[in-house]
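Asks: Sending over a structure as structure tokens; questions will come in a sec.
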Ligand code: KIV
Ligand code: ZN
């Protein structure tokens, strides 16, 4: 079986996005149901072939998210992950069954170290498990992916026996992950070549690469796997994922597109949507994108040195191997002010890739007007921060109504805060060691909770002293950690909003928080 498109000179590579599964597994990157649905919709629109929507057995919330994404996605295959356990496979099958194209993705460890210490099973026992579990999955759904966890540290003879058993039992895609990010490109390419040459039924499956970035080689390894015969790459937006992350989708897509001379492949991804997708993933997970990140970082197309700027003015190709427009970066980011009307705002949103419902548009427009009253120039980044925050907060149970701060050289600093918790208004005044501490103390008094503040970070959305402050807050409780981000020209308001955003996320994940009874 091959994934090549007939008549086309280039082989088609399937893009399997696992932002919602491996990406969400990264500590603090938890997304709400609404955020997951939004990310899935964008992935579908931009041409991702397979969306791994989650791990249905992990919790009822994960099951519900996969089931809803399966119903909502119009074009892409929707996959649910399952361990090689009967209950996992049944749950994954149940979650994806309403998808236009459902897939069960089941995996088991194959390396000696995993067999001895994690599974405590013999090679023969694992071979039997592969046959039983892949057969069970195939009886539920036609499209089955099987993964050999820690494939790159598995002896090749045994790996070949496992792959042969999985294909014989009905697997249609074989994924050989570099689970611990240990392989080099040469090794990874050679592993695919060897397995495809030696396994007698290898032509009945598509081979897939899944690389972690512990040594910074995830993208290079994924591209090497293509030379070894893989035709599916598993990746995530912004490269988020366990530990150092997964291969970054945008880097894979643009490497293939830009270096067609040495990488004779093509993907179905609409590259002009990459910037928007990266920003959405960053907003949903509240994980900032590093400034110098390839393709989607803020500096990816910035030219600072005089020699570079001179070259760029004479001919952009002197220092640019792809255009900013080709990945969806708009030409100018100076946009609007307080005189801009609804039509201009709607246009701008479309240009930035948003399609909002009437209610969402109305809320966003009101917030834009408030911001434009306080800030002379409203830039694209301001609008994105504002809209993303509106979408993220739409279903929040705890909302900031007002915040008044007394700060300065003569302490103690005080915060008076009014919150709406469901349909009640609660008020509290607290002191603190500085205004941020006072603000967070007021929240703790109004919504008593055990969550621990793991991260508090502030940076400016744009330049200038009237720039919005973007605050990230990470909280952890009950072994879960969540991150939330908020922007406002007032750093303390943004801090309160970010903290409340994280609390709301924890609440939607079932952590034990108690809203104080109305003090007013
Ligand atoms: O890294 C890995 O091995 C995985 C598997 C579940 C495919 O994420
Ligand atoms: Zn992984």
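Just so you know, glycine gets a Cβ as well, placed from its N, Cα and C.
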Asks: Given TrEMBL annotates 22, 210, 212 as Mn(2+)-binding, which of 60, 139, 246, 292 belongs to that site as well?
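Replies: The one candidate that TrEMBL places in that Mn(2+) site: 246.
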Asks: Using an 8 Å cut-off from the Cβ centroid of 22, 210, 212, 246, can you name the remaining same-chain residues around the Mn(2+) site, in sequence order?
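Replies: Other same-chain residues with Cβ inside the cutoff are 18, 177, 179, 211, 213, 218, 234, 235, 236, 241, 242, 245, 247.
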Asks: Reported in the order helix, strand, coil, what are the DSSP residue counts of the region 'Regulatory domain' (399-520)?
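Replies: Once the DSSP states are binned, the region 'Regulatory domain' (399-520) shows 30 helix, 55 strand, 37 coil.
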Asks: Which of the listed binding-site residues (210, 212) has the least company, meaning the fewest other Cβ atoms within 10 Å of its Cβ?
Replies: 212
